[in-house]
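Participant: Before I ask anything, here is the structure I am working with.
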Amino acid sequence: MRKPIFTGAGVAIITPFTENGVNYDKLGELIEFQIREGIDSIIICGTTGEASTMPDEEHKAVIKYTVEKVNKRVPVIAGTGSNDTIHAVELSKYAEEVGADAILSVTPYYNKTTQKGLYEHFKLIAESIKIPVVLYNVPGRTGLNIEPKTVKQLAEIENIVAIKECNINQVGEIISICPPDFTVYSGNDDMVVPLLALGGKGVISVMANIIPKKTHELVATFLDGNVEESRKIQLSLLNLIKALFIEVSPIPVKAAMNLMGMEVGKCRLPLTDMTEKNFEILKQTLKDYGLI
């Protein structure tokens, strides 16, 4: 019986940048903040971490630093996805080598593929390492959806243990046809409770960058049986979540963190600063929630 890598809230942590590269001192501070506030897992070098703008050397260095800084206090899941299967294998092997607890692998994007191609892509990655693999399905970004029947096939591979699912419409089918020890995590902060109600085990969250404790509570209250309290927390956070996705993520969450005094720097191009109008909406929302 495979155990979940984590249950609860994992943070899809941002990567703080300066003009010269990664701000490792700040990254260390953010990691300590997350662990202190009760986060259940740290997911590094994902979409929110802007891995797509990192050269391999930097990408690998961030994974290594995070693993060493966390030092087994919570599971570290390293984003190692690529639309080049061999490249994804290389990054995944490195993550395993430096001690990551699992890898997160997004579907190939731009060149896309067929469902058979998806199966072969993830199968080769999984066979190249021994640590657990979390599939990442985000069709709104990649233009490619892992169909439930393909997820079921992949879930039969021993170390493909979970999926971060952003297509909420197929969560029920995935959970109903996959093995009971296959874990489903929400990839949408506004749909955590619905996913948990269907049998999911947690969320890989953007909003946890600024409210890790509350994000943990959102999931923990549900899993502890207090569904009504979890529902109330989910609804209470909707306006904040809306503001955090008013522009392409992670633009707003980084802006929010800077407004909160965390000094995480800007996003890298092609991501740009928020429009003045949206920035003011975000700022007012943070004030409404008592975050600034």
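Cβ coordinates are placed from backbone N, Cα and C, and glycine is handled just like the others.
The structure displayed is predicted, hence computed values, not measured ones.
Just lifted these from Swiss-Prot, have a look:
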| type | residues | note |
| --- | --- | --- |
| SITE | T47 | site 'Part of a proton relay during catalysis' |
| BINDING | T48, I204 | pyruvate binding site |
| SITE | Y110 | site 'Part of a proton relay during catalysis' |
| ACT_SITE | Y136 | active site, proton donor/acceptor |
| ACT_SITE | K164 | active site, schiff-base intermediate with substrate |
Participant: Could you list the residues of the same chain, at least six apart in sequence, whose Cβ is under 8 A from the Cβ of Y136 (active site, proton donor/acceptor)?
Facilitator: G46, G79, G81, L104, S105, V106, T107, I163, K164, G187
Participant: In DSSP terms, helix, strand or coil for I204 (pyruvate binding site)?
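Facilitator: DSSP assigns I204 (pyruvate binding site) to strand.
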Participant: Using C-alpha positions only, work out which of the recorded positions T47, T48, I204 is nearest to Y110 (site 'Part of a proton relay during catalysis').
Facilitator: T47
Participant: Please report the number of other Cβ atoms within 10 Å of the Cβ of I204 (pyruvate binding site).
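Facilitator: Cβ-Cβ neighbours of I204 (pyruvate binding site) within 10 Å number 28.
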Participant: Within 10 Å of the Cβ of T47 (site 'Part of a proton relay during catalysis'), how many other Cβ atoms can you find? Include all protein chains, please.
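Facilitator: 24, counting other Cβ atoms within 10 Å of T47 (site 'Part of a proton relay during catalysis').
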